[in-house]
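**Student:** Pasting in a structure now, in structure tokens, and then I'll have a few things to ask.
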Amino acid sequence: MTITTENKTVTHILGYPRVGSQRELKFAQEKYWRGEIEQNELKEVGSLLRHRHWGDQVGAGLDYVSVGDFAWYDHVLNTSMLLGHIPKRHDNGFPDLDTLFRIARGKAPTGCSCAASDMTKWFNTNYHYIVPEFTEDDQFNVSWQQLFGEVAEAKKAGHKVKPVLLGPVSYLWLGKEKEEGFDRLSLLPRLLAAYQKILSKLEALGVEWVQIDEPVLALELPKPWAESFKLAYQVLNGNTKLLLTTYFDNITHHLDKIVELNIDGLHVDLSAAPEQLNAVVDALPENWVLSAGVVNGRNVWRADLSHVLDVLQPVKAKLGQRLWVGSSCSLLHSPIDLDLETDLSPEVRQWLSFAKQKCREFLVAQALDGNAIAIQECAKYSAPIKARATSALVNNPDVRQRTNAITAALAERTAPYAERTRQQRAALNLPLLPTTTIGSFPQTNEIRTQRRDFKAGYLTEADYNTALKGHIADAIQRQEDLDLDVFVHGEAERNDMVEYFAELLEGFAVTRFGWVQSYGSRCVKPAVIVSDIYRAKPMTVEWTTYAQSLTDKLVKGMLTGPVTILGWTFPREDLPRQGIANQIALALRDEVSDLQAAGIKIIQIDEPAIREGLPLKESQWQAYLDWAVNAFKISAASAEPQTQIHTHMCYSEFNHIIKSVAALDADVITIETSRSDMELLKAFEEFDYPNEIGPGVYDIHSPNIPSIEQIVHLVEKAETLIPIERLWINPDCGLKTRNWEETEAALRSMVEATKKLREQWQEKAV
């Protein structure tokens with residue numbers, strides 16, 4: 001078969017990681033924020049990375065390079081900037097890069113500091129975005145030129161470009177009203193006028209196709225929102241072709257509306273929802289292209305290209321050149337380059353594929369076009385992932401036997417909360433409004449250097465452990481000086497709250513350069529679950545008991561919960577998520593038992609990821625919540641009644657799942673609430689949460705120091721919903737990313753505010 005441009009299968013990705021394989025963007029951003037480099041130097045790093053990443057795509061043979069997927073903080077904030085949609089407190093007339101940073105962080109090298117905008121999770125991922133703020137009188141004005149500059153930049157380099165835009169309906173959905181009494185959907189006509197201008201500018205730049213992302217189509221949308229797409233895409237129709245992109249789940253429940261839209265192509269995620277393919281193909285209008293998202297942008301596993309070929313060959317036969325092949329979603333969620341991972345075992349390495357390698361998996365398009373050599377290469381490429389199913393490394397009979405023996409009783413504490421709290425109050429003897437922190441303290445340059453030197457072999461294990469004990473002792477003394485009530489050991493030994501446990505539990509592979517952006521300059525390095533999971537020995541007991549030996553105050557044991565470990569790693573794909581979570585839960589249960597036996601009276605099991613793990617469709621939530629809650633309870637249920645179990649949730653908009661949060665049966669839950677001005681506590685207006693709660697009283701993601709008055713205001717607001725005897729006082733989240741000066745100043749305000757509140761309460765009691 002002769003391949004021509006007429007019948008060639010077009011290849012593209014929905015986006016590429018932006019931080020750089022060595023986190024170049026992160027380090028440049030942080031230098032700029034500290035005033036160590038000028039803005040033009042930061043922009044040079046961005047340009048260098050964009051050209052490198054376009055080169056990766058072209059080098060892999062992709063037909064289009066994605067432009068507009070680069071962002072200085074996140075792509076939703078980029079969209080706000082593009083639309084001139086700036087919160088009034090940050091609006092200085094003409095938006096620039098420092099405007100963007102002030103919206104995201106509350107401060108920038110120029111301009112006045114003020115409250116950062118809210119930040120939340122991007123659908124069910126561990127990526128975050130800055131939430132757009134909508135008011136009734138909002139206007140949209142295309143004023144920030146970054147997208148158009150990048151298109152010109154890529155075209156000048158000789159690339160065939162496909163700009164990436166967040167669609168108007170999704171943009172509105174992802175924001176929130178800052179005023180009561182109006183619906184942000186009413187802003188759609190005004191917003192569409194701005195989008196028309198954007199598309200006209202792209203057309204003038206010679207753009208043929210625009211990728212317009214509408215991921216909310218995977219949700220079960222309210223009727224007015226679902227119907228709004230018809231208006232949106234009537235208005236946006238023009239000479240530039242629109243590829244409507246959906247991802248993360250099935251969209252067939254909206255298919256009848258989608259096929260009526262005035263667009264030129266549809267992208268569907270066949271990694272997350274392969275079952276939708278036939279329905280989409282059957283309904284596809286005859287003049288549309290179908291972009292099949294078959295290269296998984298959310299995992300690190302090598303694609304089974306032989307299977308992909310089998311699935312797509314009938315579609316190719318039916319659609320011909322109207323079939324495109326793409327990534328399931330943006331490759332933003334994948335690490336960048338597997339070639340850097342020289343420390344992984346050869347057996348594990350051959351199962352994996354990172355963003356750069358995933359671009360090469362579009363070899364399958366050549367196979368679809370009938371290239372015999374490509375068909376053979378697809379079979380060769382797929383062989384390791386097929387052989388993995390029978391690898392002795394993957395399956396552990398003892399772990400399977402233990403998980404198969406799980407019963408309902410294994411997930412229950414030996415006493416109900418009412419009895420536990422009575423015993424705990426007697427055993428712990430804490431004051432009204434106990435003060436504590438969430439777990440981590442600043443990871444200083446000294447700590448990071450010592451960890452790096454230890455891993456490189458420049459520091460012996462004995463010397464490293466001595467250094468860590470010094471950092472723990474320092475953290476304990478600082479807490480003594482601050483007069484906190486419940487201490488933490490500070491987690492100096494942990495580089496990451498999940499990776500630390502992944503290194504100590506059997507069943508994980510840990511990478512060196514597998515960084516993935518979480519938000520802004522914050523990157524995480526998810527471990528990979530390659531086999532059955534179990535605990536070979538205690539993981540945290542030594543450090544926790546050492547910290548406890550240094551003080552008469554209570555020191556919390558600190559664990560990361562099973563759902564979060566699962567959610568913040570790359571899971572294996574041959575076991576259901578519930579089964580993996582139960583394996584982790586049993587390992588943590590053993591750790592809880594050992595901490596308790598060592599005299600630790602408060603144990604925190606963090607579950608910040610429980611909300612983000614929810615399926616996108618609300619009708620599927622309860623099934624997920626049932627097994628997620630059960631996994632947490634399995635991990636905690638070995639605790640005796642007098643042992644107090646804490647859990648922590650951050651960025652968790654859990655108002656809709658409050659009953660499941662209560663079902664965790666944690667004695668104390670701490671949550672992020674300050675950035676939303678305690679808005680998350682609205683859940684407690686209608687639901688009487690039975691246990692103790694610590695609503696975060698200041699935002700640790702901002703370097704701004706809270707005042708005593710601000711904290712008092714937030715606690716008084718919380719007190720209207722939670723009885724004061726069940727309130728704890730704590731920051732929103734861990735303090736790992738802050739420096740000690742900021743940390744101590746903020747905690748000093750928190751403790752002083754608490755003492756002031758106690759005095760007020762005592763005066764009331766008299």
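Note that Cβ sites are derived from N, Cα and C of the backbone, with glycine treated the same way.
What Swiss-Prot records for this protein is below:
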- R23, E24, L25, K26, K121, R522, C523, W568, E612: 5-methyltetrahydropteroyltri-L-glutamate binding site (BINDING)
- I438, G439, S440, E491, D606: L-methionine binding site (BINDING)
- I438, G439, S440, E491, D606: L-homocysteine binding site (BINDING)
- H648, C650, E672, C733: Zn(2+) binding site (BINDING)
- H701: active site, proton donor (ACT_SITE)
**Student:** In sequence order, what residues of the same chain, 6+ apart, have a Cβ less than 8 Å from the Cβ of S440 (L-methionine binding site)?
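**Tutor:** Same-chain residues close to S440 (L-methionine binding site) (Cβ under 8 Å, separated by 6 or more) are V488, G490, E491, R494, M497, G734, L735, K736.
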**Student:** Name the residues of the same chain, 6+ apart in sequence, whose Cβ is under 8 Å from the Cβ of C523 (5-methyltetrahydropteroyltri-L-glutamate binding site)?
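**Tutor:** Non-local contacts for C523 (5-methyltetrahydropteroyltri-L-glutamate binding site): V19, R23, K26, W515, V516, Q517.
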**Student:** Reported as an integer number of Å, what is the Cα distance between H648 (Zn(2+) binding site) and D606 (L-methionine binding site)?
**Tutor:** 5
**Student:** May I ask which of the binding-site residues K121, G439, D606, E672 is closest to H701 (active site, proton donor) if we compare their C-alpha atoms?
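**Tutor:** Checked the binding-site residues K121, G439, D606, E672; minimum Cα distance to H701 (active site, proton donor) goes to E672.
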**Student:** Between D606 (L-methionine binding site) and L25 (5-methyltetrahydropteroyltri-L-glutamate binding site), what is the CA-CA distance rounded to a whole number of Å?
**Tutor:** 29
**Student:** Taking the Cα of E672 (Zn(2+) binding site) as the centre, which of the binding-site residues listed as L25, K121, G439, E612 lie within 10 Å of it?
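**Tutor:** Those close enough: none at all.
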**Student:** Just give me the nearest neighbour of C733 (Zn(2+) binding site) among the binding-site residues L25, I438, G439, Cα to Cα.
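**Tutor:** Spatially nearest to C733 (Zn(2+) binding site) by Cα position is I438.
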**Student:** Please name the residue among the binding-site residues R23, H648 whose C-beta has the most neighbouring C-beta atoms within 10 angstroms.
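**Tutor:** Selected residue: H648.
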**Student:** Beyond the listed site residues I438, G439, S440, E491, D606, identify every same-chain residue whose Cβ lies within 8 Å of the center of their Cβ atoms for the L-methionine site.
**Tutor:** T437, V488, M497, M558, Q604, H648, G734, K736
**Student:** Spatially speaking, which of the binding-site residues L25, K121, E612, C650 is closest to G439 (L-methionine binding site)? Use C-alpha to C-alpha, please.
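**Tutor:** Closest by Cα distance to G439 (L-methionine binding site) among the binding-site residues L25, K121, E612, C650: C650.
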**Student:** Enumerate same-chain residues with a sequence separation of six or more from L25 (5-methyltetrahydropteroyltri-L-glutamate binding site) and a Cβ-Cβ distance below 8 A; give 'none' if the list is empty.
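**Tutor:** L25 (5-methyltetrahydropteroyltri-L-glutamate binding site) has long-range Cβ partners R18, V19, V45, G46, L49, S521.
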**Student:** Out of K121, E612, C650, point to the one nearest I438 (L-methionine binding site) in space (Cα versus Cα); all of them are binding-site residues in the record.
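**Tutor:** That would be C650, the closest of K121, E612, C650 to I438 (L-methionine binding site).
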**Student:** Which whole-number value in Å describes the distance between the Cα atoms of E612 (5-methyltetrahydropteroyltri-L-glutamate binding site) and C650 (Zn(2+) binding site)?
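**Tutor:** Pair distance, Cα basis, whole Å: 10 Å.
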**Student:** Kindly assign I438 (L-methionine binding site) to one of the three DSSP-derived states: helix, strand or coil.
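**Tutor:** Going by the DSSP assignment, I438 (L-methionine binding site) belongs to neither helix nor strand, so it counts as coil.
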